[in-house]
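Record features (Swiss-Prot):
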ACT_SITE  Lys112  active site, proton donor
ACT_SITE  Cys153  active site, nucleophile
DOMAIN    4-248  domain 'CN hydrolase'
MOD_RES   Lys68  N6-acetyllysine
MOD_RES   Lys68  N6-succinyllysine
MOD_RES   Lys123  N6-succinyllysine
Amino acid sequence: MATFRLALIQLQVSSIKSENLTRACGLIREASKQGAQIVSLPECFNSPYGTKYFPDYAEKIPGDSTQKLSEVAKECSMYVIGGSIPEKDAGKLYNTCAVFGPDGTLLVKHRKLHLFDIDVPGKITFQESETLSPGDSFSLFDTPYCRVGLGICYDIRFAELAQIYAQRGCQLLVYPGAFNLTTGPAHWELLQRGRAVDNQVYVATASPARDEKASYVAWGHSTVVNPWGEVLAKAGTEETIVYADIDLKKLAEIRQQIPIFSQKRSDLYEVEAKKS
């Protein structure tokens with residue numbers, strides 16, 4: 001299939017987990033009605049974003065939140081990229097994205113590889129490592145449309161991850177993410193366009209909607225970028241669904257016109273995965 005429809009759900013996340021789950025599933029159903037074949041929720045879709053919240057909202061996978069995603073994926077017969085939730089496993093907490101196929105099967109589980117530990121004086125200090133542990137594996141899955149690579153938020157800053165996904169045949173990279181009012185205006189779109197052009201792939205980011213009263217205010221602006229670096233669709237800050245038709249013929253044309261993969265100087269440099 002040369003073209004398929006992608007939907008990004010920019011969810012307004014509250015402190016009430018059950019409400020977040022109900023609204024998320026309702027918006028997934030709405031995206032399905034609009035013809036979406038792959039849908040992504042935002043980072044931390046069932047919980048406020050913050051290290052003080054992660055322990056209280058954490059679940060095992062499978063668990064209540066992921067069970068509901070499995071059920072709605074099967075009901076709508078679509079691929080559901082479950083944003084991320086705080087996951088607890090073997091005494092540790094992770095920021096984890098679970099992906100479900102059209103039959104409700106868990107296809108892959110991506111644990112955020114790069115923890116968001118930053119300090120921008122006078123603006124924002126945040127230490128995910130206060131409560132979270134990093135993942136240690138690459139995460140990709142196949143659909144009838146294309147191969148999809150996964151990252152979560154801060155993972156997008158590390159170009160090597162996107163390069164490895166491109167090497168492994170991914171044509172779409174999806175990053176559920178929650179940039180903030182400092183990093184968002186500076187880098188959110190820039191990073192997406194950079195990853196898309198460098199690797200000649202589609203890049204999509206799904207953010208929570210902005211809540212000015214939250215302890216961590218998300219940037220919003222869920223976005224889809226094509227391999228030419230053009231923004232195909234972009235949300236504002238409110239709760240909404242963003243749609244984009246992903247044209248793989250366009251991707252093939254760009255790779256033919258500017259054949260960077262065959263022109264790489266592997267005699268001089270390489271990016272190598274140290275784990276499978």
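If you go along the chain as it appears here, the first residue is 1 and each next one adds 1.
Note: Cβ is positioned from N, Cα and C throughout, glycine not excepted.
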One of the recorded positions Lys68, Lys112, Cys153 has its Cα closest to the Cα of Lys123 (N6-succinyllysine), namely Cys153
The residue listed as 'active site, proton donor' to the residue listed as 'active site, nucleophile', Cα to Cα, whole Å, comes out at 8
Note: in the chain of the residue listed as 'N6-acetyllysine', residues six or more apart in sequence with C-beta under 8 angstroms of its C-beta are Leu21, Cys25
Should one count Cβ atoms within 10 Å of each candidate's Cβ, the recorded positions Lys112, Lys123 would be headed by Lys112
In the domain 'CN hydrolase' (4-248), averaged pLDDT is 98
Using a 10 Å radius on the Cβ of the residue listed as 'active site, nucleophile', the other Cβ atoms enclosed count 25
